[in-house]
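Enquirer: Annotation source TrEMBL lists substrate binding site at Arg37, Gln38, Ala39, Gly40, Arg41, Asp86, Tyr161, Ser216, His330. Under the heading domain 'Uroporphyrinogen decarboxylase (URO-D)', TrEMBL lists 32-41, 149-165. What TrEMBL lists as site 'Transition state stabilizer' is Asp86.
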Amino acid sequence: MTLPETHPLRDGRTADSALVTTYRGVRGDRTPVWFMRQAGRSLPEYRELRVGTRMLDACLDPAMASEITLQPVRRHGVDAGIFFSDIVIPLKLAGVDVEIVPGRGPVLAQPVRTLADVSALPDPDGADFTAIEQGVALTVAALGRTPLIGFAGAPFTLAAYLVEGGPSKDHIRARTLMHADPEAWEGLLSWAAAVTGRFLRAQLLAGASAAQLFDSWVGSLSKTDYVERVAPFSRAALEPIRDLDVPVVHFGVGSGEVLVPMHQVGADVVGVDWRLPLDEASRRLGGGVTLQGNVDPALLAAPWPVLEAHVLDVLRRGRSAPAHVLNLGHGVPPETDPDVLTRIVELVHERGGAAAEESR
Ligand code: CP3
């Protein structure tokens with residue numbers, strides 16, 4: 001199966017956009033820029049719209065999810081929207097009892113810690129993604145030539161929440177289960193891969209022009225554990241979209257030791273956190289992989305000249321990769337002054353890209 005003919009990548013709307021061409025490894029006249037968590041609490045218009053609506057209810061209201069997705073695109077002039085949703089939405093739609101507690105994160109009514117718990121998980125085929133498809137379709141219609149990025153959580157990061165029952169520091173219980181009960185672990189990760197892969201496919205078929213797989217908590221793993229007990233399931237999560245010819249970004253926090261295997265699960269682009277300079281990330285990846293990143297979110301609150309110098313340094317180091325999409329090294333902190341993000345977009349559009357490089 002391929003994308004429908006009316007999909008923005010096929011009908012001429014987004015195939016030549018700066019984001020999509022860069023994700024395909026071609027450095028153009030402009031370095032595209034978007035921000036992880038660009039939609040959300042840093043924007044007063046988001047805080048206003050969300051009053052009285054719970055996080056996951058907002059995600060499942062197509063008109064609200066679409067409006068929230070569009071807010072940062074209008075305000076900052078970023079090169080992409082990222083669909084407003086959450087990595088736990090597919091779990092909820094499959095029937096898992098999960099809520100997002102403000103200031104804390106996803107919390108499950110019943111943690112999944114044994115083989116019996118894994119066997120009792122609902123059928124991934126039972127998840128109905130209609131609300132997501134409607135939200136994506138509304139968003140894509142409003143975005144015109146600006147591409148929408150669809151996303152999903154990788155199986156390990158989802159398992160970190162499922163096993164712990166909520167946010168945790170080192171994901172100790174999940175990492176114990178991985179070794180203590182490999183059968184339960186494999187069952188859990190296969191389940192997570194199936195449900196998160198379907199979530200991603202639903203967004204792409206409904207109109208998203210790129211995909212990002214978030215393995216946010218991958219940094220707590222050894223390289224061996226990642227390669228042997230996690231990466232095969234991340235590859236499985238991408239299986240449902242492999243026939244669609246849509247560029248895939250793979251991002252993790254603290255991923256410096258596992259950049260190569262993260263690329264090898266089937267990603268076109270590797271997202272790098274703030275710890276590793278992009279020239280070093282590119283060297284580790286053999287020099288041929290398109291990168292996304294990696295402005296340190298901490299510097300968003302620093303004086304502009306400090307932040308400006310840092311952004312220019314990120315652009316310079318990004319030139320050691322075949323192509324580069326500027327982003328943060330992790331999400332926008334809620335207390336960020338949104339005008340700072342707009343200023344970064346202007347700076348990157350002025351100073352990034354092949355044209356700026358040649359005129360130097
Ligand atoms: O703009 C965007 O980037 C799109 C929206 C998006 C959200 N969650 C919205 C959200 C995306 C891509 C995610 C993914 C997500 N969710 C990840 C992977 C990305 C990352 O940050 O590493 C993870 C680990 C989660 C789980 C999760 N959901 C956490 C840790 C939290 C924060 C809890 C809090 O209140 O601080 C959430 C809730 C969440 N997801 C919010 C938003 C805007 C905040 C909810 C609110 O506004 O009340």
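Including glycine, each Cβ sits where the backbone N, Cα and C put it.
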Enquirer: To the nearest whole angstrom, what is the C-alpha distance linking Arg41 (substrate binding site) and Asp86 (site 'Transition state stabilizer')?
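Expert: Each residue's Cα considered, Arg41 (substrate binding site) and Asp86 (site 'Transition state stabilizer') end up 14 Å apart.
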Enquirer: Have a look around Arg37 (substrate binding site) and count the other CB atoms within 10 A of its CB, chains all included.
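Expert: Other Cβ atoms found within 10 Å: 17.
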Enquirer: Output the one of Arg41, His330 that, of all these binding-site residues, has the highest number of other Cβ atoms within 10 Å of its Cβ.
Expert: His330
Enquirer: List, in sequence order, the same-chain residues at least six positions removed whose CB sits under 8 Å from that of Asp86 (site 'Transition state stabilizer')?
Expert: Met55, Leu56, Cys59, Ile100, Pro106
Enquirer: If H, G and I count as helix, E and B as strand, and all else as coil, what does DSSP give for His330 (substrate binding site)?
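Expert: The three-state answer is coil.
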Enquirer: Relative to the Cβ position of Tyr161 (substrate binding site), how many further Cβ atoms are located within 10 Å?
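Expert: Tyr161 (substrate binding site) is surrounded by 27 other Cβ atoms within 10 Å.
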Enquirer: For a quick check of packing: other C-beta atoms within 10 Å of the C-beta of Ala39 (substrate binding site), how many?
Expert: 22
Enquirer: If the substrate binders are Arg37, Gln38, Ala39, Gly40, Arg41, Asp86, Tyr161, Ser216, His330 per the record, what's the largest distance between their Cα atoms, in Å?
Expert: 23
